[in-house]
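Have a look at the structure below, then the notes.
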Amino acid sequence: MENRWQVMIVWQVDRMRIRTWKSLVKHHMYVSGKARGWFYRHHYESPHPRISSEVHIPLGDARLVITTYWGLHTGERDWHLGQGVSIEWRKKRYSTQVDPELADQLIHLYYFDCFSDSAIRKALLGHIVSPRCEYQAGHNKVGSLQYLALAALITPKKIKPPLPSVTKLTEDRWNKPQKTKGHRGSHTMNGH
């Protein structure tokens, strides 16, 4: 029988970022209770030797599975050190990989309070609304002018510790373009 290869997208992440993310997930599962229904699988519960952990996040009748890996081939930089993360959306027998931004949006659909567009309508009708969004990572678009105006009136409350963002977990903090000052010293430009 010949070898069968399965190719997966694995985001290279440094070890400390993975540790921080796991810690945030466990805190919100066991202490704050904001991640009710999430399931954390340790490395010793997995039959695969390269899997460091898995977090299963129920999304209705589907689920999001964030798997962290160790012992992979090192990346192009010394600090990659063979650590990585894959993000998978599963429903029954179907599964597909998703990017970190979409994962954060899916999580936000089901978890964490949000001051959303519906809050504007509720406020006009005199109903009590949640005055802030607890999970800013789930928003990657600019809101309506009404939403921005109402959101500007209410200062967001800082949540300690922050909620676990998949985008934050997979972002490349070393290869971001360096910001330099413009001609007058006040404007910023991205590497130009």
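FYI, residue positions are counted from 1 along the chain as it appears here.
Glycine is treated like the rest: Cβ placed from N, Cα and C.
According to Swiss-Prot:
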- HIS108, CYS114, CYS133, HIS139: Zn(2+) binding site (BINDING)
- 176-186: compositional bias 'Basic residues' (COMPBIAS)
- THR96: phosphothreonine (MOD_RES)
- SER144: phosphoserine (MOD_RES)
- THR155: phosphothreonine (MOD_RES)
- SER165: phosphoserine (MOD_RES)
- THR188: phosphothreonine (MOD_RES)
- 14-17: region 'Interaction with host APOBEC3F' (REGION)
- 40-44: region 'Interaction with host APOBEC3G' (REGION)
- 54-72: region 'Interaction with host APOBEC3F and APOBEC3G' (REGION)
- 74-79: region 'Interaction with host APOBEC3F' (REGION)
- 75-114: region 'RNA-binding' (REGION)
- 151-164: region 'Multimerization' (REGION)
- 151-180: region 'SOCS box-like' (REGION)
- 164-192: region 'Disordered' (REGION)
- 108-139: motif 'HCCH motif' (MOTIF)
- 144-153: motif 'BC-box-like motif' (MOTIF)
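Everything Swiss-Prot records as a feature, shown here on the structure.
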{"residue": "THR96", "record": "phosphothreonine", "DSSP (3 states)": "strand"}
{"residue": "HIS108", "record": "Zn(2+) binding site", "DSSP (3 states)": "helix"}
{"residue": "SER165", "record": "phosphoserine", "DSSP (3 states)": "coil"}
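When the Cα atoms are compared, HIS108 (Zn(2+) binding site) and SER165 (phosphoserine) turn out to be 10 Å apart. A count of other CB atoms within 10 A of each Cβ picks out SER165 as the most crowded of the modified residues THR96, SER165. HIS108 (Zn(2+) binding site) has a Cβ environment of 20 other Cβ atoms inside 10 Å.
Shown for the region 'Interaction with host APOBEC3F and APOBEC3G' (54-72): DSSP residue counts in helix, strand and coil, namely 0 helix, 14 strand, 5 coil. The two recorded residues SER165 (phosphoserine) and THR96 (phosphothreonine) have their Cα atoms spaced 19 Å from each other. Mean pLDDT of the predicted structure over the region 'Interaction with host APOBEC3F' (14-17): 81. Within the chain, the region 'Interaction with host APOBEC3F and APOBEC3G' (54-72) has long-range Cβ neighbours (under 8 A, six or more residues past its boundaries) at 10, 13, 18, 21-22, 25, 35, 37-41, 43, 46, 82-92, 98, 103, 106-107, 109-111, 166, 169.
Across the region 'Interaction with host APOBEC3F' (14-17), DSSP helix (H, G, I), strand (E, B) and coil residues number 3 helix, 0 strand, 1 coil. For the region 'Interaction with host APOBEC3G' (40-44), residue counts in helix, strand and coil come to 2 helix, 3 strand, 0 coil, using DSSP.
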